[in-house]
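Here's the structure we're looking at; comments come further down.
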Amino acid sequence: MKLEMVLSISEMTIFLLLTGLGTVANVSVFVNYICTFMGSGEKSIHLILIHLAFTNITMLFSKGVQTPITALGLRHFLGDVGCHIIVYLERVARGLSICTSSLLTVVQAIIMSPRTSWWGRLRLRSVECVLLSLLFFWILNSLISMNLLYSIRNRGTNILQQSKNNKYCYIKKESQKVNNMFLALMVLRDAVFQSAMGGASGYMVLLLHKHHQHVLYLQNSKLLYRTPPELRAAQSVLLLMLCFLFFYLADCAVSLYLSFSLKNDSLTMHLQQFLTLGYAILSPFILIHRDGHLAECWHAQ
């Protein structure tokens, strides 16, 4: 019993530390990009990064609030209404993270592509198109997660309910057809946006390779050449996408293992919680490291 208590406190401490650091970093990115967006002209890429930081904050809050409540044994702290809110926000934020990351990759690919190309002729880079896209993402993910509003319950209201995925809130089994329909929509959403992300990332890698060959030619010709900011931004976006894919695929693999596992593996369940929040915690630090302006603001703060 004492060992379980020590492990629970240790888990809560580590979890709160990571979520706290991630929240502070995301708030810093959110505020600084708002200042940049308002002060130096409207840039669609800044608007997307602002939304990504806000999505990360929502994810950290909705997922992070459950662990300390469980560790402290506050079974009736939120009730059914609280479980509806935090689990619904978590699911919506997860979907928004996928959609926003995909949009970030596509828009960055459009920005760095030649204007004469097919990518360059797309008008998705405008602020109005980005705002409409983000609004569509909110509507889409809110509808896809609607089934949770009818199936989420607080564990404290029925202590006999068992769940592998969550200690505080559980999902009450409803119609299997309804669950399969919403699951199919989620899989379709992930497949579409992951495909768009992969295509845009591959296109950016091709452009970066061409740029690298051009730089080598200029160096051999003893000519000076500065790397355009669009290409430096593309490198940062690609780094973000690699981070996203790592945590997304790892989370999917662990979730599948838990779904087919016949025993409750507490260590794997704890690992899944960290993987779920990994991108939200790490991505702002990548932006701070890669963006010189943000790095200066971070050190000043």
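Placed from the backbone N, Cα and C atoms, the Cβ positions cover glycine too.
If you check TrEMBL, you get these features:
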type	residues	note
DOMAIN	25-287	domain 'G-protein coupled receptors family 1 profile'
TRANSMEM	12-33	transmembrane segment
TRANSMEM	45-62	transmembrane segment
TRANSMEM	126-150	transmembrane segment
TRANSMEM	230-250	transmembrane segment
TRANSMEM	270-288	transmembrane segment
Exercise. Hey, which of 12-33, 45-62, 230-250, 270-288 has the most Cβ-Cβ pairs under 8 Å against the transmembrane segment (126-150)?
Worked result: 45-62
For this session: Can you tell me which of 12-33, 230-250, 270-288 gets the most C-beta pairs within less than 8 Å of the transmembrane segment (45-62)?
Result: 12-33
Problem set entry | Tertiary contacts of the transmembrane segment (270-288), as residues 6+ beyond its ends and Cβ separation under 8 Å | 11, 15, 18-19, 21-22, 25-26, 28-29, 49, 52-53, 55-56, 59-60, 63-64, 67, 94, 97, 165, 236, 239-240, 243-244, 246-248, 250-251, 254-255, 258, 294-295, 298
For this session: Averaged across the domain 'G-protein coupled receptors family 1 profile' (25-287), what pLDDT does the model get? Just tell me the whole number, please.
Result: 77
